Each structure stands twice: as structure tokens, then as C-alpha cells.
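The L-tyrosine binding site feature in Swiss-Prot is assigned to TYR34, TYR169, GLN173; the stated evidence is sequence analysis. Here Swiss-Prot flags 39-48 as motif ''HIGH' region'. Sequence annotations record features per position, and here Swiss-Prot assigns motif ''KMSKS' region' to 229-233. Taken from Swiss-Prot, the feature ATP binding site applies to LYS232, supported by sequence analysis. The feature domain 'S4 RNA-binding' is assigned by Swiss-Prot to 352-418, with sequence analysis given as support.
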Amino acid sequence: MHIFDELKERGLIFQTTDEEALRKALEEGQVSYYTGYDPTADSLHLGHLVAILTSRRLQLAGHKPYALVGGATGLIGDPSFKDAERSLQTKDTVDGWVKSIQGQLSRFLDFENGENKAVMVNNYDWFGSISFIDFLRDIGKYFTVNYMMSKESVKKRIETGISYTEFAYQIMQGYDFFVLNQDHNVTLQIGGSDQWGNMTAGTELLRRKADKTGHVITVPLITDATGKKFGKSEGNAVWLNPEKTSPYEMYQFWMNVMDADAVRFLKIFTFLSLDEIEDIRKQFEAAPHERLAQKVLAREVVTLVHGEEAYKEALNITEQLFAGNIKNLSVKELKQGLRGVPNYQVQADEHNNIVELLVSSGIVNSKRQAREDVQNGAIYVNGDRIQDLDYVLSDADKLENELTVIRRGKKKYFVLTY
């Protein structure tokens, strides 16, 4: 299957410039292309993964990727479809984020092997030395204000106000494309659908300044079946950095995907063949309660992002927590699996009677409720049911001398730390 057709079949093409010309270019030989990532945080997230994996698919088809991390544009801030001006970060902060993102990208693209090995670039390398006068004379003169104002990303900000700094962002992104074309013969840019205006600024600059044709592919912004986006600005980002989103949390994210999204996400986020995905779809639709599509999705993406061992650990944590087998997990695994649950620091002189602790830790509101819960068998300490009102937590209940896990009912977990 032609790589363009595969991308379409997987739902990875939202918009392109000249589809016929782009198809022809991809058929005739190796195409050099780039995707840009602005360092707006110290980690990329699942929203970025769509473009990253699209870039990897093109590399596997024999084309050459350039991964641009925006050390310069990250200092400015992209206004595209944002309601307000971004907060400007210091150069030291942005430089640190650049290094983090470059490290993450190296997990997905092959930077070492073959004539189409990926190349990492930073646009601070060319913007850091250009003077303001040169910027206006050599770049700015190719963009009319009318053209810049016509971009949807700018139109949406005109009424609320947009600074010249952010207004000029599209010129900077356009110049990225121009530089990569001149230095590396890059003729294709890949990015999110919200970047269309900035990306076509690059094709316009190429046409006007160098009389060359550039191509653009935008990938869709991913939403669930209800139309809800996931990403940093929506406050529900699933980060690629395991310190920000653990492999277990990422595993749970995919396991909780709605049935209506599961097969579509298999096409977008995994390298399973379309035939394999079709087989999974048939099995999934025959027995949706078994959640086969979600299980495969969780396995494939967690393994892709964090490695097979992290996937196995996430699966084990899931199975042990579901069964209530707390003692089968290490403290490291428990911290990963119970991140975000209520945590209470037990004081050295605090009475460790179970009823007293249930109240002082905030697990229940009163001693009466605590006594009822214990007597009714609703309280578990490290997976063991406690029904003795006089039970006192001892050192034996401190897992690795660090924490105790309390469960109330079937699913409400609490962690006591010492």
C-alpha cells in the first residue's frame, strides 16, 4: 500500500496542500520532511505522539525525517487557537525543555541507522544570530499584513488582543521551513491541524523567496467520541515522561478508552498492520465486554513509549490491585499504582489503633463510622480484612518500613506514610 494511502486509512491525514503532487513526490524517491515541537513544557504528551508516529511511519517507508525542537519559537509562543497570550519562559528554562524533548524524540525516530536516519535540529541555531533588521528585510517583506491577518489562528485573537510577538510567530515558523529547505532540501512539513496557518506560511515563503514548492500534511487533533480533546491545555494531558505520567497511569488511560474510540486509536497509535487491526475489530465487536481492543491498545502504546518491562509492570500492578493482593507489590510499584490517592503522614507519637487512624487520616468522618466500617468488614490493611476494633497497626504493617495501604470498601484506597 502507498504510504499516503496507509496514512489516510489510519485516519492520520486531516489536510494536505496539493495531494496529487505530494503523492508523486513520495513515489518518485526519498522525501526529506520535518515536524516541529515547541518546548512549552519539559515533556511531550500523547497529543504530540500522533505527529511523531506519523513521522516514524514515513521514515519506515524510506523517507528522511528532521525533528525540529523550537529553542527560538519556544521563547515566543504560538498563538494558534489559544484564548490568551502564553507566559514567556526564560531561555534557561526553554533550553532545559529542549534537551528533555530531544531525548524523548530519540525513542521514536531512528537517528543512527541508514541513509534516511533522522536529524535533530534547533531553530535557535538560525534565529539566535539573525538581526532584527535582517529579519524584517529578508523575511518580513514576503508577508503582507493582509495575508497574516487572514489566518484563522490570528482572527480568533484579534478581538481579545494579540501582541506583535505572537503575531510574528507564523513568520518564524515559515522561515523554519525555508531554512530546512535551503540547507537540507526539506520539502514537506507535518504538524497538527491547528498549525495549518503557520505551516502554509512556510510554503508561501518558499514560493515567493525561492520559487520552490513545499508540501504540508496536517494530522488531526485527537478527540474522543464525545468530542473531548486531550492535551496540556485541556488539563488532562497524558505525558510521555514517566515521572509525570507513570506507565501504570498511561496503561489505565488506554484501558478506559470508550469502545467507540478503541479501534480508531489502534490505527493511529500503534504499528499493528491494518489487517491485524481488522482481526482485532471483529473479535472486539463479537465480545466487547472482554475489552480486547483496549487491552491491545494499552499493551502496544505503553510498550512503545516506555518499553516492555514497564508494560509488564503496569499489567502486574493492575492485576494485583484488582485482586487486592497488596503484599505482592513492591513499594515502588505501589507508589506508581496508587499515585494520586489520598495520602496521610502518620506522626511518630500518633496512636495507631485502627479506629483512631481511620478518623485522624480523614478516611472516615467519625469514630462511629470507623467502628461500623471495621465491624462490617469494609476495612482492609495491606489487603487483609480487619474486623477487630482494638487492632493496632505495628511495624509489620509498614511495607518496606515506608507505607501502609488502607482500602475502604471495594475500590477506595488510602496510603499512610511514616
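Backbone N, Cα and C atoms are what each Cβ position is placed from, and that goes for glycine too.
For each feature listed, report its degree of burial, its nearest neighbours and the pertinent distances within the displayed model.
Taking Cβ-Cβ distances under 8 Å and a sequence separation of 6 or more, the neighbours of TYR34 (L-tyrosine binding site) in its chain are PRO65, TYR66, ALA67, LEU68, VAL121, ASP176, PHE177, LEU180, VAL186, LEU188, GLN189, ILE190.
With a threshold of 8 Å between CB atoms, the same-chain residues lying at least 6 positions outside the motif ''HIGH' region' (39-48) that come near it are 69-71, 74, 77, 86, 94, 96-98, 100-101, 104-105, 192, 221-222, 229-232, 237-241, 244-245, 253, 269.
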For the motif ''HIGH' region' (39-48), how many residues does DSSP put in helix, in strand and in coil?
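Across the motif ''HIGH' region' (39-48), the residues distribute as 3 helix, 1 strand, 6 coil.
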Please work out the number of neighbouring Cβ atoms within 10 Å of the Cβ of GLN173 (L-tyrosine binding site), leaving out its own Cβ.
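Counting Cβ neighbours of GLN173 (L-tyrosine binding site) within 10 Å gives 28.
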By DSSP, how many residues in the domain 'S4 RNA-binding' (352-418) are helix, how many strand, and how many coil?
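Summed over the domain 'S4 RNA-binding' (352-418), the classes give 19 helix, 20 strand, 28 coil.
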Which value in Å gives the longest Cα to Cα span across the L-tyrosine site residues TYR34, TYR169, GLN173 as recorded?
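Of all Cα pairs among the recorded L-tyrosine binders, the widest measures 18 Å.
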I'd like the Cβ neighbour count for TYR169 (L-tyrosine binding site), meaning other Cβ atoms within 10 Å of its Cβ, all protein chains included.
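Here the count is 26.
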Determine, from DSSP, whether GLN173 (L-tyrosine binding site) sits in helix, strand or coil.
helix
